[in-house]
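Feature annotation from TrEMBL assigns compositional bias 'Low complexity' to A:1-15, A:89-99. The feature domain 'TFIID subunit TAF5 NTD2' is assigned by TrEMBL to A:181-311. What TrEMBL lists as region 'Disordered' is A:1-21, A:84-105, A:372-395. Taken from TrEMBL, the feature repeat 'WD' covers A:545-578, A:587-628, A:629-662, A:677-718, A:719-751.
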Amino acid sequence: MHFPSSSTTSSSSPSLQNQISNTANSNNVLFLPSNTSKMSFIIPNNNNTNNTINNSSQQQIVSSSNILSSTPTSGMTTSINLNGINPQTNSTSNISISSGQVTSQQRLTFPQRSTSLIPSSLSSSLSLSQSQQIPQEEFMKILRVLQENNMTESVETFRKEYQTLFNKTATPTTISLSEPYFNALDGYISYVQEQPDSSRHEFAQLIYPLFVHMYLDLIEKDQLDEAQRFFMTYVKNTNLQATVFASHKDDLYRIKSLITKEQIAQSEYVKSFRHNGRYWIKLCNASLELLDQFLIKQQKYPLLTKIVQAYFQLEINDGSARNAETQRLLSGGRLGEIKTEDNTNRMYYGLLRDHDLTRILQHKSILASSTGIDNDDGAGDDQPSTSKNRKKLKKDFFNQRQSKASLKVDPNAPQLTRIPIPELREHERMDLINTFQEDYTRMLKITPDNLPSCCYYTLLNGYLEINCLEISEDSTLLAVGCKNSSIYVYSLNRQKLITMKLPHELERLDKSNEHIYEQMMTNDDNKDDTNTNHDNDILYNQRLLCGHTGPIYGLSMSREKWFLLSCSEDCTIRLWSLLTWTCLITFRGHTQPVFDVQFGPFGHYFASCSLDKTARLWCIEHAQTLRLFTDGCNDMETLCFHPNSNYIATSSSDRILKIWDLLECKEGQQMKPIRQMSGHKLNVCILKFSKDGRYLISAGFDRQIMIWDCSNGSLVTCLLGHSDAIFSMDISRDGLILCTGSVDFSIRIWNFGQLIKDKDDGKLDTVQRVTPSAKYELVTYRTKRTSTTLIHFTRRNLLLGFGVFIPPNESTTKTKT
Amino acid sequence: MITISKDYGYPLKDCFESFLTFIVTRQCSKYLKEMTTTDQAKTAILQFPYASIQFIADSNQCQHLSDECIKYLTLEATGVVRFLLQDALKFTRKCRRTKMIIDDFESAMKMRYLEPIVGFRLSNGNLPFKITTAVGSSHREVQCIDDHELQLDQVITAPLPKVPLDFSIRTHWLAIEGKQPTINENPEIISKADLTADSLDPMKSLTKKRYNLDASKIKTSNPHELSLEQQIYYKEITEACVGSEEQKRQEAIASLTTETGLHQILPRIVLFISEGVKINLMQFNLAILIYLMRMTSALLDNKSLYCEKYLHQLFPAIMSCILAKQLCARPDTDNHWALRDYAASRCAQMVKMFSANIHGLRNRIVRIFLRTFHSERLPLVTHYGALVGLCEMGQETIEELVFPIIRTLGERIIKSLENPSLSSIDKITIDRINGVISKFIPAAYRASRPSPDDLEHFKHEFGSYYGHRLHAQVIPLRQQTRSSTSQSTQNRQFSPSSGSNSRVPKLLPGQASPSSHHQTPGSITPSRSPVRPMNPSLSKPHSQSSTISLTPANSHENVIL
């Protein structure tokens with residue numbers, strides 16, 4: 001406290017003397033509210049009006065004493081009021097005593113900044129009392145001091161007092177209350193505009209968060225009208241609109257809908273914006289120094305300094321200033337950008353060697369040596385020669401595989417035991433090898449000259465009813481999750497959906513029989529005949545799974561087509577068996593609607609994310625959660641498993657992508673995402689890892705397809721082309737083609753392989769990160785009235801598109817709005 | 001009943017909780033209706049009207065609410081609903097919809113542990129709200145529930161609503177090796193302009209494509225390689241069109257009219273038509289010729305096809321059908337007139353369709369027709385065809401070109417009538433020519449020349465043979481016009497503007513033409529013809545097209561003006 005006691009006493013005592021000397025005149029003071037906004041006091045000199053004025057002055061005294069009695073807790077502040085008002089109210093000795101208390105209390109509580117105000121107000125009051133005029137600014141200044149120190153109650157009482165005194169509404173006070181905010185932000189914006197072109201955008205980063213904090217402050221001070229004026233002034237500013245607010249449109253409207261203090265207290269958004277951490281801003285060294293000069297040393301706008309100190313974190317970016325485009329691309333997160341050190345931990349993004357069948361099988365020599373295997377799978381045992389041959393081939397195959405594996409050790413691959421993965425059962429393994437051989441030899445290679453064919457499944461009569469779709473890995477089963485909590489499973493090829501026999505029937509089976517698997521299933525051939533007349537109907541067979549009590553939001557099928565996971569609004573996840581067509585387990589744990597669920601690439605594990613702001617890792621053998629990933633105040637919306645089953649990526653409502661490590665962290669450490677990526681301007685709808693596990697591709701409502709490098713969390717590029725939200729995405733089996741489906745009734749096919757190749761060759765433009773569609777887009781397919789909600793490459797790289805047909809009358813209303 | 005104290009703050013909030021829920025349930029559904037997109041902006045803009053809250057308070061037996069209270073309530077209700085809408089948006093987005101539905105809102109309410117609203121769903125998707133104006137000093141709009149009592153009988157006896165259709169999956173090829181097949185399931189990818197350019201200059205589009213074809217390659221390779229499906233389609237269509245089954249033919253013609261993916265087969269079909277006409281003209285196979293003309297008509301009616309490039313093949317075929325000396329084995333009995341009429345109307349349609357793009361098309365066609373009149377050697381049937389062909393082209397052509405011909409035509413007819421060895425064909429032809437002239441000329445004359453109609457003038461213009469006849473036909477027409485115009489447009493008749501004179505008579509030809517053409521389908525079918533009757537559906541496009549071909553009177557008017 002640097003309040004100079006001597007000065008106050010010296011300044012206050014003459015004022016008191018003055019008052020006392022003026023007491024004789026005091027009764028002559030007449031307060032008249034003038035028509036103009038500024039208030040003036042007319043003091044008639046003639047004593048004729050004495051009688052009438054007497055009453056009013058007595059009232060004033062009563063009211064001022066009221067303050068003391070009614071608000072004993074805020075005695076200090078009240079006394080300040082009185083100190084300020086003293087010359088105005090011409091108080092009696094009673095008040096002058098209280099003003100004596102002021103000095104002592106002021107010394108105790110007043111912060112530094114008020115020092116300049118109080119003496120000046122007093123000194124001015126001195127002059128005022130002499131000139132018999134009190135400018136309104138004095139009052140405002142006191143009010144401001146109070147407000148800046150969050151003395152809300154005293155502000156209230158002070159204002160009430162002022163009103164009763166001057167019989168005037170609070171409008172002039174409110175204007176002045178918001179004034180420092182206007183001034184500060186205007187001042188900062190003009191400061192930004194003074195900066196040279198090369199670094200202006202660096203300073204402009206601060207405008208948006210400053211704006212939001214100021215708006216929230218204003219609302220918290222019950223200045224709704226002023227806050228709205230504040231909002232409109234800056235949001236309507238076209239210059240700011242294009243640059244500063246463009247990345248935060250969604251949040252802008254969210255804060256606009258906050259209009260009362262209580263709402264701010266309740267709002268999730270404010271929680272995640274104000275209390276979930278600091279707004280992270282990256283600046284180059286030079287800019288930071290300049291900013292420091294402006295905010296701390298000059299102290300032109302203390303308000304700015306206060307907000308920046310309370311809510312901001314500035315990080316020095318190595319080297320010179322980034323270009324505006326890069327900065328624009330990476331902006332959009334609710335809390336600004338990502339701390340650089342957050343992305344420094346090592347991530348093992350390589351693929352697991354043992355399970356990486358696809359990559360091995362692609363190798364031609366192996367394929368050549370093992371072509372014999374798939375021909376005689378089941379019934380080969382009765383021919384000893386072939387079986388011998390087969391065994392030999394198989395041995396060769398695995399030997400080669402092993403040698404191959406030892407040759408190429410991916411330094412980025414995690415250890416096999418890092419996350420324990422159940423061993424593949426032998427029949428599963430053989431099944432995999434067979435299918436991969438069969439399909440990978442015939443896999444189409446998609447090149448610019450050889451574009452993929454696309455078979456499109458249009459779901460009719462399902463508009464607004466169907467929530468989500470899921471297809472099995474081998475493209476034979478389609479699961480449809482509905483709004484009415486039912487799940488349908490359709491067979492997409494002509495094969496019937498088989499059911500396993502009942503337990504008592506299973507017991508009777510001869511387990512040594514080699515056709516045991518076929519015998520386990522019910523074979524009702526009779527039904528076949530009845531179904532033949534539905535030949536043209538693709539819904540050859542369908543099943544209904546009932547159990548959930550709310551809309552289904554996510555589905556996931558395990559690779560071997562045995563299990564289906566579904567998550568719903570009823571906060572549960574259910575595991576269904578696709579052999580018995582019953583619900584096996586209900587996983588409870590989430591406390592809010594579950595938004596997404598996904599099987600790990602090797603089954604066994606699955607992850608879910610929910611509106612309760614957590615993502616969880618589960619395993620189908622336990623009913624309890626294995627891992628819990630919490631994310632402060634943001635809903636988790638979508639997730640994606642890494643192909644090596646060691647990581648999951650999630651997108652949350654703060655538009656930041658996070659990659660979480662499934663490995664248990666050390667004791668006492670909080671689960672922290674291993675990678676965070678900001679850059680999306682609206683919610684993300686779909687996430688996918690590239691086939692080699694190195695890149696994360698994300699897309700959503702902001703129409704951008706962003707490709708991230710998992711090795712360091714940096715942005716590779718951003719593909720633009722769609723004209724509406726992107727809902728679906730898939731990568732071809734060879735990992736070279738990216739395909740996206742959007743609400744604009746189009747499917748776009750991108751040359752992902754070329755893009756990565758260009759990136760590795762350093763050909764990719766690192767300055768201009770946005771890649772327009774022309775460069776890597778191969779082709780666009782348009783649908784008539786269907787927005788693609790699921791897109792899938794079959795094992796032979798045929799593209800399958802799925803979408804719900806939108807009736808024409810619906811979209812006319814859409815275009816209208 | 002809730003008692004409300006005048007001061008407001010936190011305690012009041014608790015006391016109003018139930019009241020607020022009530023407001024929310026009552027009011028937010030209305031806003032749901034407007035939330036059709038996932039636009040955040042809407043939630044921010046939404047604001048409850050003050051009057052509405054007052055109205056709800058009044059109707060909920062809370063009469064003595066102060067202004068402050070209602071203001072507070074309005075703010076609070078707005079805030080609650082905004083929160084709920086923002087939550088509901090999450091669900092809308094998750095379900096990959098662009099439209100928020102009531103279920104999303106219900107989910108949002110559940111998430112906030114509020115009772116979901118019941119009873120606000122109507123089968124038609126609308127919400128049961130109506131807007132009225134509040135009674136009192138402030139005449140502001142108020143939303144309230146349209147709560148009307150229902151008779152139990154009505155509810156019970158009301159027909160059951162339609163059962164919603166079950167999901168079904170439909171499969172099609174969106175793209176085959178990078179190209180989207182032009183089938184009905186796929187949108188029209190190629191724009192009209194592209195197609196027109198393509199049909200006018202196929203080389204341009206070829207060179208425009210991704211792969212660069214060498215010049216030599218283009219020469220040798222056929223640019224329109226047909227797929228197997230297309231080959232089958234072509235075979236089926238052509239067989240059905242000239243086959244004996246009328247049912248199949250109708251289907252084939254319908255397919256040709258509506259199918260969108262015919263661009264690649266079009267040259268083949270056109271070739272089929274032109275070759276077919278050549279051969280069948282020689283063989284006097286009237287039936288096949290008629291079928292081929294119907295195919296032509298279907299191609300012309302197909303909106304996705306642009307035949308500019310094939311006019312050099314189509315026009316000769318059509319003109320041959322109009323002008324041929326002989327179209328059938330027994331020209332005196334068979335109804336080859338129908339074919340000529342039909343082909344003539346197609347010809348006029350084509351001229352109208354393409355003369356905008358192709359310079360001098362109309363002149364060339366007209367010249368061909370006119371040339372026939374100068375040749376004495378040509379039979380009268382050819383004259384008939386040329387006459388019909390010209391007359392179908394509309395008012396302007398009739399006025400400019402047919403009027404001068406009539407005199408020579410009349411002379412020719414007189415000459416042939418005088419000829420003692422007049423064949424029966426010529427006799428019928430003369431009757432037919434007379435029919436055509438009396439069908440087109442009087443109306444055109446009335447439209448172009450003002451009354452009075454002087455017989456001498458007629459004789460001078462149209463010769464002795466037709467002068468009389470036309471004069472006799474024009475005069476009743478004039479009277480008819482006068483009577484009809486005096487009935488319909490009395491006011492206009494008395495208007496002093498002289499321009500009305502030329503406009504008024506236009507009324508009739510437009511009206512008269514469809515009816516006059518409706519007679520032709522009847523006469524198309526000859527009783528003894530071996531030809532299968534042209535199906536009745538033909539009369540529809542025929543009459544339509546003839547109205548089209550006659551309406552150029554309007555366009556002609558534009559040209560003159």
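Each Cβ is built from the backbone N, Cα and C atoms, and glycine gets one as well.
Through the fold, the repeat 'WD' (A:629-662) approaches residues 250, 268, 271-272, 275-277, 332-335, 338, 347-352, 413-414, 418-419, 421, 595-596, 598-602, 605, 607-611, 613-617, 671, 673-678, 680-689, 691, 693, 696, 698, 700, 708, 710 of its own chain, all at least 6 residues removed from its boundaries and within a Cβ separation under 8 Å. Sequence-distant contacts of the repeat 'WD' (A:545-578) (same chain, at least 6 residues past either end, Cβ-Cβ under 8 Å): 428, 431, 467-474, 476-477, 479, 481-489, 497, 584-588, 590-599, 601-603, 606, 608, 610, 612, 618, 620. Counting residue by residue with DSSP, the repeat 'WD' (A:545-578) contains 0 helix, 19 strand, 15 coil. In the predicted structure, the domain 'TFIID subunit TAF5 NTD2' (A:181-311) carries a mean pLDDT of 84. Taking H, G and I as helix, E and B as strand and the rest as coil, DSSP gives the repeat 'WD' (A:719-751) the counts 0 helix, 19 strand, 14 coil.
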